[in-house]
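Enquirer: Take a look at what TrEMBL says about it:
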REPEAT    45-79  repeat 'PPR'
REPEAT    143-177  repeat 'PPR'
REPEAT    178-212  repeat 'PPR'
REPEAT    213-247  repeat 'PPR'
REPEAT    248-282  repeat 'PPR'
REPEAT    318-352  repeat 'PPR'
REPEAT    385-419  repeat 'PPR'
Amino acid sequence: MPFRPSLPRRFPHDRKLKSFLSAVDSLAKSPSPSPAAGAVPAARTPAAYNALMSAYSRAGRPDEVVRLFDSLPFPPTAPLFTTLISSLAASGLHSSAREAFFKLLKSGLRLTASNYTVLFKSSPLDSVYKLLKIMIESRCAPDAAAYNCLISVLCDSQQVEEAWGVLDFMLERGIYPTVHSYTAIVRGYCNQGRVLKAERLVDNMTQFGCPPDVVSYSVLIDGLCRLGEFGKVEKILGESEAKGWTPNAVTYTIYMSALCRMGLLDEAFRQAEIMQSRGVSMTAETVNILFDCLCRDSRFSDALCLLECSKGLSWDVDVFCYNTLMSRLCDVGGFAKVLKLLVDLVKKGIGPDMFSFTIAIRSLCGAGKFQVAKCLLDNKGIEYDAVAFNTLIHGLCMAGNLKGVLLTYMDMEYRNVSPNDFTIALIIDSYCKEQKFVGAINFLLKYSKEHLVPDHFVRLTNWLAKAEGLGYVLILLRKIRSQGLVLDVCLFHSVVRIFCWQGYCKHRNFYEVSLILDSMLECLSSKRNSAGDVNV
């Protein structure tokens, strides 16, 4: 059946398309969040330059921030450095942010707490502690914003209890926590899956003198959405006016995105209507989510028509929308249509990114066209990551092409792309599917140069047990010992469970199982002796 757009015929009676087009229209009428590229301030003063740099920073344009900073007609000031570092850090350009900070240190300008704080956001925990020490030694007292950043970094590092300790320390120093302090801990609880604690903290924030704001509730809603607690989300949104806060575009975007992922597409569109009725401005993210909803609803003809009509709708389509449609088509086996969209991306000058090509590789693998997929991956002009290589490796593994898997892995190493755990798992599976158990053992041990990854060991042992390759299990254990690697008690228990699942407790060759268990006990004993621990 030909793939033809049908939007003009169906639009007048289609509620979802009306909601989408209404959102696009709202977005088009909203003022541009970013000044035009190449703009310069009317006045040649530090304040004017800082205002324009800040506007570019809010719009996510670090390139324009750097351009303005490099073209300053006067020596840079500390606030200008702060804006530059903040923009680079917020855009994920952490090394550039650190370079800018070191330039600030060398400039001889007097540093303020704000100069240090903006760097906290792009630094690992140990670096934050070092920066705090430098601040104190230079007699620059950390303020609430600096401690809030430390709390945030601690929560990101899963150290929520230590974050509470920082709150206590702030109070001892006469620095009162702010709503941002508690919101960071709410996010920490949500990231740990302890959403009930996050709910209680939000409920108690008013008692602490910091009533929760829209950011606090948005973070909590995000945590609830991850658990599918949509009823609680509806309750929170319904009580918002009574509790003195107003949901913003970010709040609705979080909720609508979760609804879309769960397949609750009608509800996602209903939230878009509520969003508009409350006068909340639409964002590009909102429109992208609604477009994803249409694609998940298998409205491919409508979605394609919307892309083709984007100029007439004043909709600035980016590569994300094409990737969304390509990904959904790939899920339903529309491989030829995926490649057509990839070509359209190039023709329209939008520019496909790494994700576009990764989706195309997945579609080609689904169609069994591995050689064409390999040609795409061989494009040296694209800096592919492990996901792209894993996509081809997975397709080859499913097709039982061990040689292709190993060649792709070798190419991955040659191009300095670090494999991840999924890569290793796929290669182990490829070896074992071809009954090449010695190859799987050697590959695992080659990868485990310094330490044994438990999941990989259990995966390979499971394959060997299913294939009744008990002799290979003994080979694996002996090689582990000869390489100086150790097994812990958890791995011992995992192997025992695997044997029980496979019925080896009543096996005719239980003697082999005994040898394996004895060998594992020897590995545990060697670990105990090396650690001086008598309670293994």
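FYI, residue positions are counted from 1 along the chain as it appears here.
Here the Cβ of each residue, glycine as well, is placed from N, Cα and C on the backbone.
Predicted automatically and left uncurated, TrEMBL annotations should be read as such.
Surface or core, plus neighbours and distances: that's what I need for these features.
Expert: A Cβ distance under 8 Å defines the sequence-distant neighbours of the repeat 'PPR' (45-79), meaning residues of its chain 6+ beyond its ends; these are 33-35, 37-39, 86-88, 90-91, 93, 104, 107, 109-112, 114-115.
Long-range contacts of the repeat 'PPR' (143-177) within the same chain, counting only residues at least 6 positions beyond its ends with a Cβ under 8 Å from a Cβ of the stretch, are 113-114, 116-117, 120-121, 123-125, 128, 132, 135, 184-185, 187-189, 191-192, 208-210.
Across the repeat 'PPR' (178-212), the DSSP tally of helix, strand and coil residues reads 23 helix, 0 strand, 12 coil.
Using a Cβ-Cβ cut-off under 8 Å and counting only residues 6 or more beyond its ends in the same chain, the repeat 'PPR' (213-247) has close neighbours at 179-180, 182-183, 186-187, 189-191, 193, 195, 198-199, 202, 205, 254-255, 257-259, 262, 264, 267, 278, 280.
Across the repeat 'PPR' (248-282), the DSSP tally of helix, strand and coil residues reads 26 helix, 0 strand, 9 coil.
DSSP states for the repeat 'PPR' (318-352), grouped as helix (H, G, I), strand (E, B) and coil, give 26 helix, 0 strand, 9 coil.
Over the repeat 'PPR' (385-419) the predicted model carries a mean pLDDT of 94.
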Enquirer: Which sequence positions outside the repeat 'PPR' (178-212), separated from its termini by at least 6 residues, show Cβ-Cβ distances below 8 Å to it?
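Expert: Residues 144-145, 147-148, 151-152, 154-156, 158, 160, 163-164, 167, 170, 219-220, 222-224, 226-227, 229, 232, 244-245.
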Enquirer: Near the repeat 'PPR' (385-419), which residues from the same chain, at least 6 beyond its ends, have a CB less than 8 A from one of its CBs?
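Expert: 354, 357-358, 361-362, 364-366, 368, 370, 373-374, 377-378, 426-427, 429-431, 433-434, 436, 447.
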Enquirer: So how many of the residues in the repeat 'PPR' (143-177) end up helix, strand or coil by DSSP?
Expert: 26 helix, 0 strand, 9 coil
